[in-house]
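Residues or ranges marked as transmembrane segment in TrEMBL: A:46-70, A:126-154, A:166-186, A:198-217, A:257-281, A:293-313. According to TrEMBL, the domain 'ABC transmembrane type-1' annotation covers A:124-317.
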Amino acid sequence: MPSARRQGNRKGPAISASPAIAEPSAGIGFSGLAARFLKRRAKGRTVPVLAVCLAILAVWYLAAIGVNWATETDKLARAGDYTTSDAIAATWSAERPVLPAPHQIVAELWKTVFDVKPTSPRSLLFHAWVTLSSTLLGFVFGSALGILIAVGILFSRTLDKTLMPWVVVSQTIPILAIAPMIIVVLNSVGVQGLLPKAFISTYLSFFPVTVGMVKGLRAPDRMLTDLMRTYSASPLQTLVKLRFPASLPFLFTSMKVAVAASLVGAIVGELPTGAVAGLGARLLAGSYYGQTIQIWSALVTASLMAAVLVWLVDLCERVALARQGARP
Amino acid sequence: MIARRPALSALFKRREASTGYILLGIAFVLFFVVNTTTVILRNFADPAPGKAFWIMSAILWAIALLATRELATAVPRSSTAARIRDVAVPVLFGVTLLALWELVVRGLNVPPVLLPPPSAIATTIAASAHLLRADFVQTVLKAVLAGYAIGCGAGFLTALLVDRSPFLKRGLLPIGNLVSALPIIGVAPIMVMWFGFDWPSKAAVVVVMTFFPMLVNTVAGLNASSAMERDLMRTYGASHGQTLMKLRLPAALPFIFNALKINATLALIGAIVAEFFGTPIVGMGFRISAEIGRMNTPMVWAEIAMAALVGSLSYGLVALIERRATFWHPSIRHG
């Protein structure tokens, strides 16, 4: 981190000093630029990732034929004669398929997102918002708690020796098993709705933040802390001016893990309440009534949400680190 | 590693502690906490916990905390003493917490549905050992072990295949990284629908959950050896297989073990949560959701205690094997 900052602050001379002729294709002009752009796309990730995605889609469609074949041909045979193309079309448009085809999931998503009012319980947006709100609440609580504990561990050797091993061990424990109990027990004392789920998310997300922050707060080396001491900085000043800025990369990395864990916590927290609202409830209801397309669309929504949340944290990281002078 | 702040270390003068001193301290805290808790519970809890109960509890807590801090901040004289200290201090902290849990729950008369005292949980564990054993066999020995082996094995083999093609590697790695952030646990209802209520569906969930961490880590690990080392293998005229076996797989071992450790926890979570979606009448996840429906919280806590034990033991086992297998790695060589 500090080295990156040093590089970022270097101006003018260092850049112009680089030899322009030594690099191949340097200063060749516009056509070279375009060619390089194309070559870089092919050598970069975009093309391979697209190819892999297409392959996955193709395999998915083929698998849908194979998996749904038996039940659908059965139905068609009872109705009368059928051709192979009929059967294939039927496997891709069954009402309760074993494996729904991707376009069926997209259609279901479209229907439940755009065709119904966002406030009705039939809308996927409604359920997504229920899950998202407890995810975010739990994530904020969890991150704050994680940072607080990390600062405590930094300042107290006793906490470091007593609490830190438990934080590490607790990561090896299947915490999600506690989720139903927290929901039901809190429910029985009258705490309902958002808070119990947020509590589970908090619980899941504070461990990664604690571990990452402890590492980050200790990241500044001896030279830097000694420099702070020569400035006669107080422990608090060292914390705010040196350790916090230095810990940012660690904080953001662990927050990405934490936000994903927080979402999982919110989804699992919605299971034991008997499928009231939320993506987890949607999964459970789908599995009760054999609505495979509903399950898959809830799953796709949850995945999209996770990707967007992680991407947002990533965006914050880039902005924050760019302000510190780091270069991509 | 970290420079201690001068203000506090001046307050508490650094003391050197021998192994005997540390052992004595551990024995004192253990004996003191266990004994005093028993005495308090026997003499002051009946009929109703009064002032004396809380004063005694506060004194117990303060003395145990001071003694633990004395141990935590002491400077051990030998490496053996340091190791004993580092293991014992968190254990003592845990024992103190358990004692306080017992005292507070009994003292405030917290209903057992909300939070049972540790003694009630221990009684439940002893009384329903046969149920716990059946659940352990169903969830851990059948679902988790099978799923873990298949998932990790498939991830590893896929990584070996992907490694042959740079194009696939560039295409699969970003997707694999993305998938590891997704709530994969959501495939549980689908797997239950496909593979039925018994353990194969749980094993399938575990396979899906453990596959991607293994794939991503192994691919990253196979790239861990430096170009120089690979060039050296080429000058020896080593084949792809020889380079793999003698250089790149050993270099990838830390990454593979990292995935194995992550997966040890993930597998247990996957199997337990999958059981929330439908099981035969046995299994840890089933027991948790069934007993919580009957408000039998001590039994739920007993299952959670077992899950915690299984989780940390399997993690510890993988970590132990890792120390043996990657003895050459700097992080292990230097302690």
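For all residues, glycine too, the Cβ spot is worked out from N, Cα and C.
In this chain, the transmembrane segment (A:46-70) lies out of contact with the transmembrane segment (A:198-217); the count of Cβ pairs under 8 Å, excluding pairs fewer than 6 apart in sequence, is fewer than 3.
Ranked by the number of CB pairs under 8 Å to the transmembrane segment (A:257-281), the listed stretches A:46-70, A:126-154, A:166-186 are led by A:126-154. Only residues 6 or more beyond the boundaries of the transmembrane segment (A:46-70), in the same chain, are considered here, and those with a CB under 8 A from a CB of the stretch are 87-88, 90-92, 94, 97-102.
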